[in-house]
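Quick look at what TrEMBL lists:
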- 17-30: compositional bias 'Polar residues' (COMPBIAS)
- 96-506: domain 'Amino acid transporter transmembrane' (DOMAIN)
- 1-44: region 'Disordered' (REGION)
- 116-143: transmembrane segment (TRANSMEM)
- 175-198: transmembrane segment (TRANSMEM)
- 245-266: transmembrane segment (TRANSMEM)
- 286-304: transmembrane segment (TRANSMEM)
- 335-356: transmembrane segment (TRANSMEM)
- 376-400: transmembrane segment (TRANSMEM)
- 421-442: transmembrane segment (TRANSMEM)
- 448-470: transmembrane segment (TRANSMEM)
- 482-507: transmembrane segment (TRANSMEM)
Amino acid sequence: MEERPETELISIPATPRVSTPEIQTPSGQRSPRPASKETKSSAWTPTSFISPRFLSPIGTPMKRVLINMKGYLEEVGHLTKLNPQDAWLPITESRNGNAHYAAFHNLNAGVGFQALVLPVAFAFLGWSWGILALTIAYCWQLYTLWILVQLHEAVPGKRYNRYVELAQAAFGERLGVWLALFPTVYLSAGTATALILIGGETMKLFFQIVCGPLCTSNPLTTVEWYLVFTSLCIVLSQLPNLNSIAGLSLVGAVTAITYSTMVWVLSVSQERPPTISYEPLSFPSSAAAFFSVMNALGIVAFAFRGHNLVLEIQATMPSTFKHPAHVPMWIGAKVAYFFIAMCLFPVAIGGFWAYGNLMPSGGILNALYGFHSHDIPRGLLALAFLLVVFNCLSSFQIYSMPVFDSFEAGYTSRTNRPCSIWVRSGFRVFYGFVNFFIGVALPFLSSLAGLLGGLTLPVTFAYPCFMWVLIKRPTKYSFNWYFNWILGWLGIAFSLAFSIGGIWSIVNDGLKLKFFKPN
């Protein structure tokens, strides 16, 4: 009787591959692409030949090797082509993010100083229109957030790690850059400028409260406080990549929730001013009233910022066939936006209830200090201001990261090498002081918020709807097709109207002040 060898060579018929070959980045991260339902059911997969029937005649050691290989191939699945340059850039340098990091980053990006000026918008809109506008904007931006999370790996073999990359895939190489680059960079730089304004002014108020009558006869001016805050931001900006600031994002998220709650609770617990009114502010002409309402709606739109960072945050996560990145990203985003709603709505409604149309243009924090600085314990008031400063410092980092990434991408594409520590530090120092000078030149916070909301509104409310139609290609004339086209064009129309209102408000404030002379 002839003995059967332990192993035998089995020829496997050549079959065309449909999965993308593995390309591994220098950082050692793999980002596979999940297969479609049709691919999983009918197409060849890397493990289709490793079946129990195939393994049955093979000896135990070889069987174990092939079983382990099968598990590995199922884990990495359809692999994504990655650009090796991504391993040098701040956003994609580290890919060990998770749902917790996603929640921290989204919450830090979604709640901040913009919540403090929401009652200013209510002073122009009144109760009904203010609440309606805030609710519609929240639901709208939550839908577009879901679109961006789903489109991160919409094309097999490709991860869109940045908002501009997704815009190029949807609108074309040139048009995508023209449409997305300016508003995303403007949103990052404009937010950083506004953070310098509110952070510097809050540091000044904190110093006045803590110091009291013991302050020196020559205190720092407002511009000098801007400079102090900018310097702190530059020091913190030396952290290398997006994942490395997860701790700062956690601090920013906790401080944002805490001071938002403190501000509206302290406001509603005090006696309201005797001359308070809830009627929308009146204006001498209908044109002035229209532009003011548009600026107020722009402030509401600006309250829901952060969509320019969604793809960047998701890019920090590993993605495999079994564990695609969109799952932890969406979990973290849902948790974050639950807390965002718990911050924005009480601040807007409670702040307007406490101060009505007496709300100063600086927002609820200025109103709390102006009306109740002698009624609230100094320690409690100082703590609220200090939390605002910490939150502004944390938010500055995450909003500046896309700009840092753009600077370094330009450098690495020209030199074909990663940035040195000195080059990276130089970019970040330069960016910080550019925003400082812009803040000194445009110290109109509420007006700047309206203009920012108008110019960057397509990033949050319009472009994602267009991208979904152009990339996913739903059935023409279906409900999904009509719904996204209508939302997209409404977003563009609102953007134009809100931008005009923001420009009018800035010009109006400039005519009132003529020259900015800080205290």
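The backbone N, Cα and C atoms fix where each Cβ goes, and this holds for glycine too.
Only pairs six or more apart in sequence are counted, and the transmembrane segment (335-356) with the transmembrane segment (421-442) gives fewer than three Cβ pairs under 8 Å, not enough to call it a contact.
With respect to Cβ pairs under 8 Å, the transmembrane segment (245-266) is most closely packed against 376-400, considering the stretches 116-143, 175-198, 286-304, 376-400, 421-442.
If you look at the transmembrane segment (116-143), the same-chain residues 6 or more away from its ends with a CB under 8 A from one of its CBs are 198, 263, 278-281, 292-293, 295-297, 299-301, 303-304, 307, 337, 341, 344-345, 347-349, 351-352, 355-357, 359-365, 367, 388, 445-446, 449, 460-461, 487.
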